[in-house]
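Scroll down for the structure; my scribbles are underneath it.
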Amino acid sequence: MQEMKPAALSGSNGLNGASGSSVRVPCSRLSRAGRMALDLQSKCAAYVLALRPWSFSASLTPVALGSALAYKLEGSVDLLLLLVCAVAVLLVHGAGNLVNTYYDFSKGIDHKKSDDRTLVDQILKPQDVVMFGAVLYSAGCLCATLLYFLSSLKLEHLALIYFGGLSSSFLYTGGIGLKYVALGDVVILITFGPLAVMFAHAVQVGYLSVLPLVYAVPLALNTEAILHSNNTRDMDSDKQAGIVTLAILLGPTLSYVIYNLLLFVPYLLFCILATRYTISMALPLLTLPMAFPLERQFRCRCYAKIPQKTAKLNLLMGLFYVFGIILAPQGSLPLL
């Protein structure tokens, strides 16, 4: 036995040497590397989930709508501008979601049954969320700077729209916390409707116009339905946390009425556009069968999955709306 130990340690070609020195150590290293890879993978997944990617349709469809309107006016769209604009809006939206996560947790609003449990379940630390949000806001500002060099839009107009949206995304729960004083619905109606559509349109055409504000109305109403259903679902926990939302002020019955208006008024507007101007505006009506089950669930107060389902409806309606505008014959759309 005394003679076999040195042979094994010296890495001889014998069985003991191979198993002792060339198998055990690499296995240990591979195991450690595997654990690090799994930790990194779970960390990245946590960051992605913290962004609430299912809500991104609310920011992507307005960008597509604004670009489609620019296409009908100018006859072409700069795809690079479209891409950079979409990334800029997504970065601000994601950062706003992180701000919302941080302040909801710090104010004791999020709990074990909340839709977003990133901080409640200690998946991420509060400082991680803050740092990630700051990185996204900074990256968004870089995209806005790039848009200034790529687009012919005046700097003051670009800054006004972009930083208006950025400020709204932060002040929704950060700072004065508009969400907590029943003003969150106003922020969503303005930011994820007229402002985002105008931004996408302006960077393409190089000037500000009232036209995108009008065309944004159907999409803005449907997007607000996502937030309203979310606030109605969280009504009891929000009351306990001491915050005030529009859903709390209205109560379940009036909240149901408002949800129906937000859900079905856009379809009425599409009917008017389709009958008076061009039949391509009837395309969003294809999503109408998806709206009736949502109305029934809201009426029965089965709120659990309504925000996510409304977001899915919002995405499809927005896409059909964009296609309807693109397919409209030249000169058939109202130009005010």
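Along the chain as shown, residues are numbered 1 onward.
Cβ from N, Cα, C; glycine included.
Annotated by Swiss-Prot as region 'Disordered', the relevant range among 1-22, 221-242 is 1-22. Range 158-178 is the one annotated as transmembrane segment, of 53-73, 158-178 (source: Swiss-Prot). The stretch in closest packing with the transmembrane segment (315-335), judged by the count of Cβ pairs under 8 Å and taken from 79-99, 158-178, 201-221, 254-274, is 201-221. A contact between the transmembrane segment (180-200) and the transmembrane segment (79-99) is present, since 3 or more of their C-beta pairs, 6 or more residues apart, lie under 8 Å.
For the transmembrane segment (201-221), the residues of the chain that approach it from at least six positions outside its boundaries are 61-62, 65-67, 69-71, 73-74, 77-78, 81-82, 85, 147, 150-153, 157-158, 161, 189-190, 192-194, 261-262, 265-266, 269-270, 284, 314, 317-318, 321, 325, 335-336, judged by C-beta separation under 8 angstroms.
Packing against the transmembrane segment (79-99) from elsewhere in the chain are residues 50-52, 55-56, 58-60, 62-63, 67, 129-130, 132-134, 136-137, 139-140, 143-144, 146-147, 150-151, 162, 165-166, 168-170, 172-174, 196, 199-200, 203-204: each is 6 or more residues past its ends and has a CB under 8 Å from a CB in it. Only residues 6 or more beyond the boundaries of the transmembrane segment (254-274), in the same chain, are considered here, and those with a CB under 8 A from a CB of the stretch are 217-219, 221-222, 224-225, 228-229, 232, 235, 246-247, 280-282, 284-285, 288, 291, 294-295, 298-299, 310, 317, 321, 324, 334.
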